[in-house]
Every structure is written in structure tokens, then in C-alpha cells.
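Written below as C-alpha cells is the structure these notes are about.
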Amino acid sequence: KEIPKKEEGALAPEPEVRNLPDFSHVFLPVEFLRNLFSRNLGIGTPDKVLDELTLEGVAQYIKSGKCKNIVCMVGAGISTSAGIPDFRSPGTGLYANLQKYNLPYPEAIFQIDYFKKHPEPFFALARELYPGQFKPTVCHYFMKLLKDKGLLRRCYSQNIDTLERVAGLEGDDLIEAHGTFYTSHCVSFCCRKEYSLGWMKEKIFSDDVPRCEKCSSLVKPDIVFFGENLPLRFFTSVKSDFPRCDLLIIMGTSLQVQPFASLVSRVSKSCPRLLINMEKSCPSLVETTLLCFSCRDVAHISTCDDGCLALADLLGWKAELEDLVKQEHARIDSQDQSSESKGAPAKASSASAAPQHKRGQE
């Protein structure tokens with residue numbers, strides 16, 4: 001239809017005002033939002049698993065016998081009490097203390113392209129952090145206790161310090177998502193000759209840049225640098241482990257690095273997730289919580305060791321955990337003394353205390 005022309009100077013008609021109720025003072029509770037999204041978007045509300053969203057609630061769930069496939073996701077925060085710095089803590093983190101290496105930016109020390117041109121900074125840092133100089137922490141032995149009690153399905157670690165192995169987690173228990181020092185390879189795609197932990201250690205502590213005996217290319221420990229792919233086993237295990245997981249324990253990581261951080265969203269919507277960390281700033285955990293509208297997340301803000309001791313206490317395992325730590329540290333000290341008496345480096349035995357690397361499992 002032809003639209004009538006507006007007469008010049010005429011005022012536009014006032015819009016019709018309806019008496020709508022004022023909702024500005026109404027608070028929409030979480031339960032209302034859950035029902036709304038469930039009804040309109042088909043997002044179902046998961047069954048309640050924890051009686052309460054506390055560490056006590058998690059402990060009761062574990063003791064109920066319904067929890068048999070625990071997956072642990074761990075980062076650098078579980079090793080700080082052993083004397084190994086984490087990466088991102090202001091002032092004390094590894095990235096904050098790399099000025100002496102004259103890097104263009106801190107992360108360059110773990111960039112594969114930068115390493116191929118300037119390997120010296122990485123190997124200088126490797127001497128400081130090399131496996132065998134530190135003992136596992138309470139947190140490491142708590143995971144060993146979970147394994148001994150038949151509750152640990154897998155530990156997914158971002159760490160390269162090998163302390164999970166020293167604590168007694170073997171190849172099948174462990175996914176070293178960011179690689180391991182246990183083996184090394186020539187970086188040349190045409191060669192890829194493998195070298196042992198002992199060979200690499202000798203080169204690093206003799207101040208030599210490790211080079212391949214076959215083609216003279218650089219040799220790098222099998223840790224994952226920025227620009228490299230994660231191990232294939234990481235992806236294949238995720239597909240089988242996370243759908244079966246009935247408790248996800250996240251410790252000592254701020255979940256800043258992908259694809260590791262995205263694993264928190266791979267468990268079912270009813271699977272409880274426990275965070276033990278010094279801060280709550282875990283973006284992936286927050287995002288997936290909002291998307292799933294699930295009341296299944298517990299945050300225990302403390303050091304990883306204190307959090308594990310508190311959980312062990314609630315489970316009735318505290319004395320057992322403390323005894324395990326004491327016995328294992330005494331065993332490592334004994335091996336250190338034995339190595340000293342034979343003329344070997346005093347701190348080299350922690351790595352030898354770990355289970356032998358099994359080919360085909362990493």
C-alpha cells in the first residue's frame with residue numbers, strides 16, 4: 001500500500017504505551033535459568049553427584065565407592081614446593097627470571113625456531129632444571145596413593161621435570177602432554193636418531209651443545225616446544241579417558257595453554273571437577289561451567305601440597321600419605337649418598353629412582 005506522506009511540520013504520533021510490569025527489581029535465580037535453558041535450548045540439568053560443593057563433599061563422594069576413574073590434570077604448581085619455579089608467577093616464575101639469557105621475549109626459550117638458531121639458552125636452563133636434582137612433592141605422592149588404591153585412571157601432566165615418574169607413576173599411568181626428558185632425538189627430519197637420558201645428561205653438564213653423532217644436527221630432549229605437535233598418545237588417550245572420568249582433579253595450573261586447557265570440558269556434565277590451586281583464575285573451567293550450568297565444581301584455594309593433605313585427611317589417608325613421603329624421600333637420599341660414595345654427582349639419583357622408560361608407551 002502507498003505510504004501516506006507526512007505533512008510538513010506535523011509531529012510524529014506518540015508510540016502506544018502499554019502498562020508492562022517492572023521486572024527491574026526481580027533477581028533471576030540460578031535454578032530458574034537452568035530450567036529456562038533446559039526447556040528452550042535442550043540443555044539438560046545433570047544429576048547431582050556431590051552432596052555439597054566443598055572438599056568434604058568431594059571426600060564423601062570418593063568414599064562412597066561410586067568414584068573409580070579419577071583423572072588428574074597437573075601443571076607447574078605441583079612442583080614449586082620441590083624448588084622448581086612455575087612459569088607465570090610474577091617475580092618468581094620462570095619467565096620473569098630469564099633476563100640473563102638475553103632473549104627477545106621469555107617464551108622464545110621454548111620456541112622451536114628460536115632453539116634451532118640459538119640452542120645455548122635452552123641448554124643453560126636445562127642444567128638448572130634437569131631431572132634428578134629435585135624430589136617429588138606431597139602432591140606427587142598423593143597421586144601415587146590414588147594409583148595404589150585403584151582410583152587413578154590417568155595423570156595428564158604439563159610438566160617436564162619427570163617427578164611424576166620418580167614418585168612411582170609408570171608409563172601407563174601418565175600422559176606427559178608436553179613431553180619428557182627421558183628420551184631425545186635429532187631434530188633433522190631425515191635422521192631422527194634417538195638418544196638416551198644418560199647421553200643427553202652428559203652433554204648438558206659438560207657444557208656441550210648436543211649434536212647428532214650421525215648427521216651433526218642438534219639433538220633435543222623430547223619435550224614439546226611452541227610450534228611442535230603434542231604426542232599422539234595425548235589425543236588417543238583423551239578420547240578414552242575423559243568420557244569415563246567420574247572425578248577430575250585439576251592441580252597447580254592456571255589453564256592458560258591449549259589444547260591442554262580445553263580438557264576440562266571433555267568430561268561429562270555430571271562429572272565433579274575439583275580445582276586445587278593458589279588462585280581461581282582458570283578461564284577454561286569458568287567458561288565451561290557457565291555453558292553447562294552445572295553445580296559440580298569445587299575450588300580449594302591453597303598450595304597443592306596443603307590441598308592434597310587436607311583431602312587425604314578427610315579420606316582418612318593423611319598418616320599413610322605422610323609415611324609414604326617420608327619413606328620415599330629417605331630412599332632417594334640413600335641413593336644420593338650411595339652415588340656420592342661412588343664418585344657420581346650427588347643429585348643425580350632421583351631420575352634413576354624413576355621407572356625405566358618403555359618404548360611405544362609415550
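Backbone N, Cα and C define each Cβ position, glycine as well.
If you look up TrEMBL, you'll see 48-318 marked as domain 'Deacetylase sirtuin-type'.
T253 (NAD(+) binding site): 26 other CB atoms within 10 A of its CB, across all protein chains. If you look up TrEMBL, you'll see 76-80, 86-88, 158-161, 253-254, 277-279, C304 marked as NAD(+) binding site.
If you draw a 10 Å sphere around the CB of H178 (active site, proton acceptor), it holds 20 other CB atoms from the protein chains shown. Per TrEMBL, active site, proton acceptor is recorded for H178.
Per TrEMBL, the feature Zn(2+) binding site maps to C186, C191, C212, C215. For C212 (Zn(2+) binding site), the same-chain residues that are 6 or more apart in sequence and have a Cβ closer than 8 Å to its Cβ are C186, S188, C191, K193, L218, V219.
Under the heading region 'Disordered', TrEMBL lists 329-362.
As annotated by TrEMBL, compositional bias 'Low complexity' applies to 338-355.
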Rounded Cα separation (Å) that holds between T253 (NAD(+) binding site) and C215 (Zn(2+) binding site): 39
S79 (NAD(+) binding site) versus H178 (active site, proton acceptor) - Cα distance in angstrom: 15
Cβ atoms near M278 (NAD(+) binding site) (within 10 Å, other residues, all chains): 17
Pairwise CA distance, N159 (NAD(+) binding site) versus C215 (Zn(2+) binding site), rounded so that it is a whole Å: 30
Proximal but sequence-remote residues of the same chain as C215 (Zn(2+) binding site) (Cβ under 8 Å, at least 6 apart): C186, S188, C190, C191, K193
